[in-house]
């Protein structure tokens, strides 16, 4: 029902204004005194109508604003221009401040006479705080984007750049005065890189079918540069891509990979590379036949002892040069260590093998200039051919080693072909297998533990469990002899389960800061029962999973990489730590670091032994330590046997050490599990005894 009289309308309007609570609405006299006061004004300012009517509105301003004459100037502006509007701090009755949005209108009567002001105020404190937070967040975002190591590019659904940070401009060599925003990303990449690179990016990354939870990842190679690109699709449309220049990283990785795959002295392939090449050769359809030649230099040790290691190294380098000149481009030459070399000849027929072996003997038998003296050393060669002696790489290598032994036994400086009569290995293996079964049943195995210490403090942080076997007759059997036999006999899963259970049981009694490391064999990593063995060992002992570390080698997972990866991922999900043993010697160590869920790298002892005398070994050790830090992996240097090695390694931050200088493997009852820093490292520590801690024991 509409009001009948004008007075009724005025009353209703006044009541409406007075009832508003979200806005402070009140009238001011021509000189700024409060004339009336609504509920919103009381809520915003804290005054009742009785308290404020008749007082100057200047009391709502801060002392600084009043001193500056701001209230009067604001009224003057409103009277002169009809309206004044601004934001600023205002005071409540209790003295607290609020951020106000203020509108002051000059009002006139029906005859045009100025009669005062209408003032509307809204408390925008929360709105301003939100705006300040948003501005700060945007500033932080701008700062973060400006300081990103990656180039960031936001692309809309039409393929145009919506946003690009400074690093993106730098990577694509686009000057800041020529911004990317608004340009088509394909055109940008075509100009900065190449048309092919642009097409690859658009096809692989700007895909409408790219899932919101997935990423497109690829590398763009242009001349000498390599860009790693990752793209995600945005729910609102478009894509966000990051560009990282990985050129130096890839060069660094290639350097490390080359060093890891090659002998440092001769730049020939190393043992792991030879094994991988042989595995691939035997599996390839390209080579119907191949052969392994094991070469051992005769009379090398006396020369090394007489003339020194430097002269010996020069002689080994000359041996490598002569081998390169003797064999074909498709053949593989490797230095296995010391004065041992090996060749893979492919293809290989008996006549060619004999001729090549004879050429090698003649080449290596020529005089060497050592300290200006003509020295002869000679060599012995063992030959095993495939497919005549099988297509298993380990068997082929073992047979070549047996043939080498036969050649040396027959008088050196000769070659010998493998034949099955060389040693009654089958009978010996059967006997050893029977002994292993008995040892497992009668608990003849025992674990020894070698300490792992913090490099800088010398504090013990854990122990590595090493398998030992002493028969009832008192004879100690080297793991180098019985572990391979146990692998072949299929006993390692059961032996490995016992090792896990025993190591966890004994470690549970140690102080809570100590860990125990257990080596895992290739057979265990091929069995799904391995996870059950770990779970049972942890449950039975009560050992927290993070105190157990399993050590793997590349060789142990080569036969079934996918299964091994799955098992190790399950272990990490349980909280168990995973170490890659003998790092730097494998064929694809960097690939393992990238693929497998590792928590620790163990630097192979061959690099540690070169510290202080071999700059390349020192460089590799430092590179591996740096790589570990970058990837946030723990790192242990194995085989620390001299004070000099310890002195050099003790400088490294976050490095752990293991070796005979720091402690021999020992029975649990003999261990120092207090973990105190080792202030004295004993007077003279002999180098590790191969019969006590052989390389093959790592499989156990």
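Glycine is no exception: its Cβ is also placed from the backbone N, Cα and C atoms.
Automatic prediction, not curation, is the source of TrEMBL annotations.
Over in TrEMBL, the protein carries these features:
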{"type": "COMPBIAS", "residues": "686-700", "note": "compositional bias 'Basic and acidic residues'"}
{"type": "DOMAIN", "residues": "9-66", "note": "domain 'PAS'"}
{"type": "DOMAIN", "residues": "84-136", "note": "domain 'PAC'"}
{"type": "DOMAIN", "residues": "288-420", "note": "domain 'GGDEF'"}
{"type": "DOMAIN", "residues": "429-679", "note": "domain 'EAL'"}
{"type": "REGION", "residues": "678-700", "note": "region 'Disordered'"}
Local confidence of the domain 'PAC' (84-136) - pLDDT mean: 89
The domain 'PAC' (84-136): DSSP-derived helix, strand, coil residue counts: 12 helix, 30 strand, 11 coil
The domain 'GGDEF' (288-420) - residue tally per DSSP class, helix then strand then coil: 59 helix, 37 strand, 37 coil
